[in-house]
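Enquirer: Below: one structure in structure tokens.
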């Protein structure tokens, strides 16, 4: 019977072409969604930690002054307690570059802040560097920039006027250090050309420790290293925890919604595969009886139907693995850039696990009904046929038949009761699809609203910003005021001030002019009005333990000024450690404004043409080396990546749910084909046939949608605030409350739409089937 078994398997696969195709497509989409979802979940679970350990990142990078310590003494610090690996010492210099060309948007001749340049090779026992663009520097005049130095791009040239000969360097590569241990790298032999006259390069040493997961542990590690260095030669250290905080903040923002979509996708994929495979085997119960009458044993019957399920399922799995990994290239490329971990892809073990789980789900779903049928006596299996027992659904048909509805609709509404288990599984799949759509749409709307709120930081129609050199702000103010089209305007600038009770400096953004119309998006409270009032970002309030209505004291040297917090604003820059106020509030402190941070925002009078205004004002601004431009909304790369991810995963969920409905409708239609022939013989029109089949799944879809939408709304209400806290801010209530009635009503009908879309193909098949053919079908 072995040869016959293979024939039966091949014949079964070829005979049920529709179900075979549906099973293969379902497995393909299920695996694609599962691979993408599981890959994203794995990538969002500590992506920085994985990349950091893979690259042997430095837990601590230390700088030693060469005038107080020798190279041998620096090397000896590697013997400090808890050190597990060390690299160095590397020569290190701090130099100020001046761009020579305009690449990267930097004006030639401007002197930038210090770059920490280290002489080393890209590999080492600690801190393997990842080259993301170009090549490694190999000769004098070549330099590799760190990926976190955004102004510099491949091919830039720069001079270092602070060292002898004003050497010219070209950027030949961009590299990423897991611990951001330097701003740039050159060959060790190039460092002398970057060293100022009369000085020597300092030393950099990189360490990995046995325990370095908390600030307290790193403080102890630093103390152990310093104890082996003479005097005060250790002048600076950088902890990997600082870099990790910035990287994990981005990944922590992505993780909540990725996990939600991932769980939904994995659960629904298994459900739909179960629907497809279980239904295919159950539909062949009568044929199983025939096989047993021909001498097949129960074990051979089970193997035959396992094979018929695993062949299309296996093909679908292979195709799904390919599609899932291809889809992951752009998706995980975006998240990898956000996480700052370099290139990323689906881990091989994720592919293997998803394939194994899906195969197991197919085999389990096929084995249970095939085993039951295989254990039936031959006569019973043949007698069961392809239609449910006459008792199933009879009560439902009788009750629903009393409703004042056309008979095709009541027959359709009663169909799910004939196969309650199959219908319930389909309902769960549709509900999950509705949950995913509700959550995904709400997430996209909230993200776009948050982005719009962040854009309020730069209001108005025209802006003068991105200064490259200090300007006379009074003259710029005067030039703007002289324009007849100027309505309201103000200028803003940043300064670093102390806050009593808070270590370190806090960024203060001060406004001069009429800023009453320039409110940022408020989370709580109101915008400041005049002197003595400030608004603060959530990060500042959380760090200081203050609330709206509290007073804080701003400090600049020996001067101090007390102001009152009147509002909480939406902002995530600098970890939310900033406050905004009128410049008169800090006039007594005499702060040193950052001359390049000045920005001038202008609201035009009604009816003024913006382009004409910009041309006119730029004629007056030209002598000062600044220019006005259109103020346009900006779109965060993070928001774009989140929208793309949410959209892709939502579509995948809806497709898998639709295939589940399609298969259920195909099974029900095939099982009841003889009944359909009788109904058509009695006068049921093609339109009535279509209505009956669509109604058979539409009622279940409608109920599933009504159940799924509130769950999706609840998920949104939980996940969005978690994402906000991960980003370091609270979320404005208006940005979270996106589900208004015009949106909720279509979402409630979403389950009906999914079910209808899935039933259209089998409804069309049933309509086209001739009555005589249907009646001759056993």
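Cβ atoms are placed via backbone N, Cα and C, with glycine included.
Straight from TrEMBL, here's the annotation block:
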DOMAIN    260-373  domain 'ABC3 transporter permease C-terminal'
DOMAIN    649-763  domain 'ABC3 transporter permease C-terminal'
TRANSMEM  21-43  transmembrane segment
TRANSMEM  254-283  transmembrane segment
TRANSMEM  304-326  transmembrane segment
TRANSMEM  346-368  transmembrane segment
TRANSMEM  426-447  transmembrane segment
TRANSMEM  644-669  transmembrane segment
TRANSMEM  690-723  transmembrane segment
TRANSMEM  743-766  transmembrane segment
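Show me how these features fit into the shown structure, please.
Expert: Across the domain 'ABC3 transporter permease C-terminal' (649-763), DSSP classifies residues as 100 helix, 0 strand, 15 coil.
Beyond the ends of the transmembrane segment (743-766), by six or more residues, the same chain brings 18, 430-431, 433-434, 437-438, 441, 445, 654, 657-662, 664-666, 668-669, 673, 676, 689-690, 693-694, 696-698, 700-706, 708-709, 712-713 to within a C-beta distance below 8 angstroms of the stretch.
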Enquirer: Counting only pairs at least 6 apart in sequence, do the transmembrane segment (426-447) and the transmembrane segment (690-723) share 3+ Cβ pairs under 8 Å?
Expert: yes
